[in-house]
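Notes to accompany the following structure.
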């Protein structure tokens, strides 16, 4: 059992790049994963679960790149109990300053019967072999019994004890289907600490199917867990995971109830990290999202406004500045030069050089001609868009035109460079965005269907940048795209073409893998 009294530091295990990326429609490129990982390091997370290396060559390459280039956090890879998977996972994380192998297997009766078709004894033996092999490769091994909250406790204790005996130093209790209730989940954590002997850290991994992921995570910490697994913005499969920003601020604000605990998170980076993940994944942050939502510190009721104007603590338990939610500072205008632009990015923790810097600066100058002042949020949107178009794009938008009116179909025409050759196309659709999607699909010769569309204002004002996020189904594979502009129609065209370029890269990678 871990000695809670000597481990008051709560480890924050971020799984945005693994469990978070499993959300439908999210498909991150290696450079986007690296950018998120670098921001997570600036945020101060303890462990980054960078991916599932055996899932694909692309996932393996992304994990290995993060292991080699991101410094500070432990870089972790997920693995099944198969020895070959564990060895593949090790190859992906081995170059990290600090690395971990995270081994999992299902343990609930439902999963054993319908998924694994294994007996309890067979699962125990698989865990024994897997942890022993992982421990031969690395010093830091984590074990997760998937669907733990629906696993009979005697069998759960048995599996966890075997994992500890073979060398696992972290035992994770996953509420895989969001079944847990805070007080019941806390009792489970307490019982594991009591019944499983040895030296280890207890971790929790809570899903949000009942809207209780954050509450369950905080209850687990109060019961003795010293690691929390979570995702930025709470993204993930189905209803998502525990939101990192909520867990961290819950621990900070209610230490009087939870216990005298701390994390290594620089909370001033929370809002920026949230915006970055939102833009790169194409998943918007709901306006009323706790901590990082647009309305998290907004007040409309007259009584509330009066109280906040007198003393913000009357209706706010979090200082907006402490989580990076203060008003974005105006930093640049159309007369700003390349050096000032690069310095502004550096102050934001963004380092660009070479072609990436040139492309981003050129896009900045284009938008600065239309917008009087650009804020940090504007710059973040520009960088996010341009970094998504630097990976050898096949398609480049030259020009487009859309005509629409009441009672008739929208008609669009466009010129697109396809591998450097101009291609002209025209199409009609049910509205301007649908027509744009159809004409760009025709120009690129991809069978594409728009499945999701959202638009948000990056900043306020009549000249505000609009950020458009789309999801597009291309041959049964869903990809996301984004675009920014002061013109929403142009932002939509950029987002659609960004998605089509991603789809083309996915096809090219698949073709290369099939070639001997």
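For all residues, glycine too, the Cβ spot is worked out from N, Cα and C.
The Mn(2+) site recorded in Swiss-Prot includes 19, 205, 207, and the single candidate from 216, 233, 241 that the record places there is 241. Note: residue 205 (Mn(2+) binding site) has non-local neighbours 15, 144, 172, 173, 174, 175, 176, 229, 241, 242, i.e. same-chain residues 6+ apart with C-beta under 8 A of its own C-beta.
Mapped onto three states, the DSSP output places residue 19 (Mn(2+) binding site) in coil. For residue 19 (Mn(2+) binding site), other Cβ atoms within 10 Å of its Cβ number 23. Counting residue by residue with DSSP, the region 'Regulatory domain' (396-516) contains 40 helix, 58 strand, 23 coil.
What surrounds the Mn(2+) site, by Cβ distance within 8 Å of the Cβ centroid and not counting 19, 205, 207, 241, is the set 15, 174, 175, 176, 206, 208, 213, 229, 230, 231, 236, 237, 240, 242 from the same chain. For the binding-site residues listed here (207, 241), the lowest count of other CB atoms within 10 A around the CB belongs to 207.
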